[in-house]
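To start, the structure under review is shown below, and the notes come after it.
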Amino acid sequence: MSRLDARAVAGGTSQTSLIERAARSCVRVIRGRYTRRPAAVLCGPGNNGADGWAIARLLRAADWPVTVYTLTPQKDLTGAAGQVAKGSGLTAEPLRAFRPEAAGLVIDALFGAGLSRPLVGDARGALDSLAEAAVPVVAIDLPSGVDGATGSVLGTAARAEVTVTFHAPKPGHLLSPGLGLRGELVVTDIGLPQDAEPDAHWNGPCLWTLPVPERDTHKYARGAVLVFGGPRIAGGAARLSAHGAARIGAGAVTVASPEEALDIYAAHLDAIMVKPVTDAASAKRLIEASKAKALVIGPGAGRTDATRSHVLAALETRVPIVVDADALTVFEDDPDTLMQALHEKAVLTPHIGEFGRVFPDIQGDKLSMTAAAAARAGTTVLLKGADTVISTPSRVPVINTSGTPWLATAGAGDVLTGAIAGLMAQGLGAHDAACAGAYLHGLAGQRGGRGVTADDLPGLLREAGRAVATR
Ligand SMILES: NC(=O)C1=CN([C@@H]2O[C@H](COP(=O)(O)OP(=O)(O)OC[C@H]3O[C@@H](n4cnc5c(N)ncnc54)[C@H](O)[C@@H]3O)[C@@H](O)[C@H]2O)[C@@H](O)CC1
Ligand SMILES: [K+]
């Protein structure tokens, strides 16, 4: 945003006219959603505060009762905030005097993109009391206290009902905890130039295309997937992956089962084939015999030597693969071996616990952590959560927020793993398959809603795919 801002200003647009446009767009959103009521506008010392002053002026002109509360004494304001405050004809109260109960609506314009350190003092006090209150909050650009680059909270932040941001969503709107604090996100156009190289993409169907089979195809050409299954007692996870792969359009899905569990898998599966696997050599033979174009290993696999040797055997074939769950955890004591075996057609799908086991030294915010992991693995890493991040070396990282809290249910991740493999089997590259799989999986969860279970997800995935596909 600072790049675009500078380019706009160099192109002859003044900072104050950008502020005026931003404020007008905020007031349009506010008046479209709330009836006239006493509004408290909390203003900070920078351009976020300048937006606040301009919004206060416009609301007052529309006959709203408005009180401005300023962190910096009005006479000490400098820069755009000083200029806009002066031009507003309004007189502010000190932020210390702010009581949320007295307002019908609070406009949070304390800090936006310029937040650079944790909130303390009056700003912290005001936001803490706001966070406790029941009054609706409209955040300008970001809920103050949320770091726009990472979504983390510096000190404190109050949950907004609506956040109005300018030009494009920022990572802080899409990554937790910012994701949960920003409420409804409204992005308004204030006439800034487009940026060719954003820091991240927000996942959606404009980033990838779902594969469509040829008219004269056959089941193996539609994509064969081989899912490594675990022991008798843990077979559900691999079956969920297998259904996920099939319901996202793979033509032939096989579960590789340990001998002792063959009968259980066979009794539970109809459209999915079941074949025995014993050691690493038999795993390789089965990958070839099943004509697999993508592999799944990890869900319910068991933290065993067999899992470890199957992972390494599978990676040696260089068939596209999703490595998940136990297939990651078995390398906890020796992540280097996994890193060396990985190739660029692999996707790792850890949750944060599994991530810590294979990348124990990588810390920080979710975007940087995932990028560092992808660089080390030399391939796509998908770090799960309400704010899934997908990172691939030399690709712009992608943040996925499709989904619902109802997706936090046992086995949902196994279906995602299968879905990604199903898309790779149909020809998508690792990065696109991870993005499309995560998006459709989230959409499937949304369609399921309250009480959705992992068993429901493959069917819902099919509906989600049909809704997104063009043919
Ligand atoms: N980038 C753009 O193109 C546009 C930006 N606009 C607004 O400008 C905002 C960014 O403005 P600024 O860069 O001035 O940044 P902010 O207004 O977010 O804050 C910067 C000011 O806050 C101080 N500060 C930072 N952290 C603090 C803390 N913890 N405690 C106390 N003081 C702290 C800084 O020293 C600086 O004075 C955006 O969020 C947006 O609201 C809009 O006016 C429209 C156009
Ligand atoms: K703000």
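Placement of Cβ uses the backbone N, Cα and C atoms for every residue, glycine included.
TrEMBL lists 1-198 with the feature domain 'YjeF N-terminal'. Averaged across the domain 'YjeF N-terminal' (1-198), the predicted model reaches a pLDDT of 96.
Counting only residues at least six positions away in the same chain, the Cβ atoms of ALA109, LEU110, PHE111, GLY112, ALA113, GLY114, ILE140, ASP141, SER144 sit under 8 Å from the Cβ of ASN48 (K(+) binding site). Classification of ASN48 (K(+) binding site) by DSSP places it within a helix. Annotation comment: TrEMBL describes 47-51, 112-118, ASP141, ALA237, GLY300, HIS351, ASP414 as (6S)-NADPHX binding site.
Counting every protein chain shown, the Cβ of ASP108 (K(+) binding site) has 29 other Cβ atoms within 10 Å. For ASN48, ASP108, SER144, the entry in TrEMBL reads K(+) binding site.
As annotated by TrEMBL, domain 'YjeF C-terminal' applies to 202-468.
Here the Cβ of THR388 (AMP binding site) has 29 other Cβ atoms within 10 Å, regardless of which shown protein chain they belong to. According to TrEMBL, the AMP binding site annotation covers LYS384, GLY385, ALA386, ASP387, THR388, GLY413.
Using a 10 Å Cβ-Cβ cutoff, ALA386 (AMP binding site) registers 18 neighbours. For the binding-site residues ALA50, ALA113, the ranking by surrounding Cβ atoms (within 10 Å, all protein chains) places ALA50 first. Screening the binding-site residues ASN47, ASN48, SER144, HIS351, LYS384, GLY385 for a C-beta under 6 A from any atom of ligand 2 leaves ASN48, SER144.
In the three-state DSSP classification, ASP108 (K(+) binding site) falls within a strand. Checking the binding-site residues ASN47, ALA113, GLY413 against ligand 1, the ones with a C-beta less than 6 Å from an atom of that molecule are ASN47, ALA113. Here the binding-site residues are GLY385, GLY413, and the one with the most other Cβ atoms within 10 Å of its Cβ is GLY413. The Cβ of ASN47 ((6S)-NADPHX binding site) lies under 8 Å from the Cβ of GLN15, ILE19, GLY79, ALA80, ALA81, GLY112, GLY114, each on the same chain and at least six residues away in sequence.
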